[in-house]
Amino acid sequence: MLLAIGVIVWCWGLLSRRPMLRRQGKQKGRCCVLFSDLEVFLLRPPTPSASPPAFTPMNELNAEGNATSSATESHSLANGHYQPVTGEEALDTRGPDDWTHSVVDPPRTLDCCSSSEDCSKEKLDERLSLNSCTDSGVRTPLCRICFQGPEQGELLSPCRCSGSVRCTHEPCLIKWISERGSWSCELCYYKYQVIAISTKNPLQWQAISLTVIEKVQIAAAVLGSLFLIASISWLVWSSLSPSAKWQRQDLLFQICYAMYGFMDLVCIALIVHEGPSVFRIFNRWQAVNQQWKVLNYDKVKDNEDHQKTGATFRTLSLPLTHRMGQSGPEGEPSTSTSSLMAAAAAAAAGTVTPTTNSVPPAAGATTEPQDSSEPSNGQPSLPDHHCAYNILHLLSHLRQQEPRGQTSNSNRELVMRVTTV
């Protein structure tokens, strides 16, 4: 009995000693790892500061790491117990020669890649500069719409714009007009001089892109026009036809007449409101489905048109000026006329509330009216101030002219308020 109990206790002691040994071995291994890490951290050779560490190929690093790890594992197994090897220990096992050999020059592949990218950018810049500049160093004209040169087609200058926005290709301009729906330049507001050559074949007509609002505008204009035509035709027939005599006498039809008249007014207002938008859409469609010839900007013709419009304005304002200048029987301006002319001159100078005294002319002094078409002393002529001039002219006609006898006896003061627009 005692022998059996002793055997059991001895077996129990053996079984309990093995976990203790294992725990002691684990603790000992951890302490060794900690001390080895501290040794590597404190005693490892410093990295050279002359050149930055290079990126060695991954296959070489893996081979060296595997070799060092296998060597350390075999050494630990030879000592009788297994000790895990960390990466820092593997690095510590490498000698100083290995550290010096690991620091190599940077790979040339990165330099080649960066240099090739720089070369490609430089070549692209050179191509752009060659495309934009001629051999003489003068910048070649480019289309302001597609930014291409003369190799894409003939460049035109269709408006008053100058500089980099002067030239454009004819197809690009026609396409831009079809998108905007306007035949005028958006920068200088000059109307392009175009000639319609011919309309394309109906089989070649192209549809233009429309927004939802534009579709609604077209539908409203078309339906309003149809309703207006139908209602007006019915009203004309019912009011003039002898067979509709009984309709004109019926109260219900008279109410319908009033309703149709009101709806006709609404349709007319709708057509007037949506008409310009529909007209612009039609211009866009016409620009796409018709062949055009765009003309270059002619400065001489443009100046002639400006001169014609200026001459027309001056001819319209000349009779009014002569009426203001010649009011007396002997060509002498009256007091009201002279005061009005002085007020107009003050308004032209920027005076808001001019005050003039009508002084009678001295004996023997004569005044000659100046022609408004010729400016005096480099100042703009009187008809050019159209707003103030028209107001003063109306006031001069509304005011009664004074007799010549009364103007010599007393002086009257005329105060006028002129607002410049």
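Quick reminder: no glycine exception, Cβ is built from N, Cα and C everywhere.
Record note: among 60-79, 100-119, 120-139, 140-159, 60-79 is the stretch given as region 'Disordered' by Swiss-Prot. For the recorded site, Cys143 (Zn(2+) 1 binding site), the DSSP three-state label reads coil.
Through the fold, the transmembrane segment (218-238) approaches residues 210, 244, 247-248, 253, 257, 260-261, 263-264, 267-268, 270-271, 274-275, 278, 281 of its own chain, all at least 6 residues removed from its boundaries and within a Cβ separation under 8 Å.
Residue counts for the zinc finger (135-195) under DSSP (helix as H, G, I; strand as E, B; rest coil) come to 17 helix, 9 strand, 35 coil. The number of other CB atoms found within 10 A of the CB of Cys188 (Zn(2+) 2 binding site), across every protein chain shown, is 12.
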